[in-house]
Ligand code: AP5
Ligand code: MG
């Protein structure tokens, strides 16, 4: 299975991706976690990404795509992945589609975790992750999501299967809702293919 988890900062992408990866025996790949590891280790990718992360801006597409190529190919070979935080722009979605097609694989489903801004801000301030969970940077990250990532939802709605889940409920309820909707989708596509 190959799945994309889309959502604003604090929507619960990382939390749900962990649960999905365990439940379906697939690999969790988080673009944000990988970028933070590169920054902490001072790699070439980390040096290019550092300032963008600190400001809450998107890291240039080429850097992110380069970083994700190996882990996604490896995960595809070993049962699939749940990608958290990528793609994040229409351009990234198009590039991901082309890359997947080149490898002979397709992304099966995109899941959008919907949560209102006030709840997102509350969660992120409560978590306080490093430099990017300060009030100013959180506000900017939410603006970047609206400007750059929200248009991508239309892209998926039109071209691929998009599941929208209310992410403002307790963690286990959100997880349950994702599973139920995935099963419904699988049944629909079985019927369509039958
Ligand atoms: P990234 O690491 O992806 O951060 P983000 O999108 O801002 O999202 P978060 O990781 O903060 O939140 P999340 O949705 O994973 O929620 P979580 O489960 O942690 O990206 C960071 C930066 O990297 C970007 O700003 C950019 O610079 C760069 N980057 C990454 N990908 C990129 C890309 N593709 N292109 C370019 N640049 C890229 O939950 C948040 C908190 O809420 C936690 O404390 C959690 O315990 C809590 N919580 C979760 N679910 C619930 C619930 N249901 N109820 C109550 N609390 C909950
Ligand atoms: Mg995350």
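Glycine residues also receive a Cβ, built from the backbone N, Cα and C atoms like all the rest.
Because TrEMBL annotations are produced automatically, they should be read as predictions rather than curated entries.
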Residue in 47, 55, 159, 169 which TrEMBL records at the ATP site where 10, 11, 12, 13, 14, 15, 127 also bind: 169
Listed in TrEMBL for the AMP site shared with 31, 36, 57, 58, 59, 85, 86, 87, 88, 92, one of 2, 122, 123, 141: 141
Maximal Cα-Cα distance (Å) across residues annotated as binding AMP, namely 31, 36, 57, 58, 59, 85, 86, 87, 88, 92, 141: 19
Densest Cβ neighbourhood among 11, 59 (binding-site residues), 10 Å radius: 11
Most crowded position, judged by CB atoms within 10 A, among 10, 15, 86, 88 as binding-site residues: 10
Binding-site residues: 13, 127, 141, 169 - member with fewest neighbouring CB atoms within 10 Å: 127
